[in-house]
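Data block below; observations after.
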Amino acid sequence: PMGTDMAQTRHRCQQMLSLSHRAFFWLVSLLLSSLIWFIAVKASDPRDEPLQRGLLIFGVMFSVLLQEVFRFLYYKLLRKAIEGLVALSEDGCSPISIQQMAYVAGVGFGLMSGAFSMINLLADSLGPGTVGIHGDSQLYFLTSAFMTMVLIFLHTFWGILFFHGCEHRRWWEIAAVVVMHLAVSGSTFCNPMYVGSLVPSYSLMAITAVWAYLLSGGSAQNVRRFLLCKS
């Protein structure tokens, strides 16, 4: 995912800046949700396992909702910036399109999310003890890597769907993104039965990819031309 995304944006300074700004917005949402969860855990009884699991589920769901709020705030900020560029330009046109920025914003969101997932994964591998040697699943690291990859792609596609919904006031598209984000995050509670999280997530990624492709102006004819190497 990293190579694909950098190849798409490396020659566009404005898009690279948007990518870094979007990553910052994700970091702020993570910081706030982590703070709320930390306070809730410290204020509760650590020996109450059902309560602690409930707080974990609450933390994940709250984090997802907060991420989507920050996605919307970033869209509003970006829309204001584009309107300012249009006002300053001589031809009355923006040098960047909202579709391009939706893609780059989704990439920034996904890459930062994936980076933090991998950092936590590598931290687990350092010990004490190593996950997967005795008792735990031997597929922990492999499946976690696949889950990180699918989340990066999903965030990219969700960015396109979310921005399209905001632009055309199709609130059901925004709601669909939020529901899908909640569903994918919630499916990770099926682990270590990894088929319960990976299979639905990758199926949803395929559906979302087609949806985002069509909203971006793609068609079956374009795919056929690409496969046949026709211009």
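Even glycines carry a Cβ here, placed using N, Cα and C.
What TrEMBL says about this one:
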TRANSMEM  24-43  transmembrane segment
TRANSMEM  55-74  transmembrane segment
TRANSMEM  101-119  transmembrane segment
TRANSMEM  139-162  transmembrane segment
TRANSMEM  174-195  transmembrane segment
TRANSMEM  201-220  transmembrane segment
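Count of Cβ pairs under 8 Å against the transmembrane segment (201-220): among 24-43, 101-119, 139-162, 174-195, the largest is for 139-162. If you look at the transmembrane segment (24-43), the same-chain residues 6 or more away from its ends with a CB under 8 A from one of its CBs are 52, 55-56, 58-59, 62-63, 66-67, 69-71, 73-74, 108-109, 112-113, 116.
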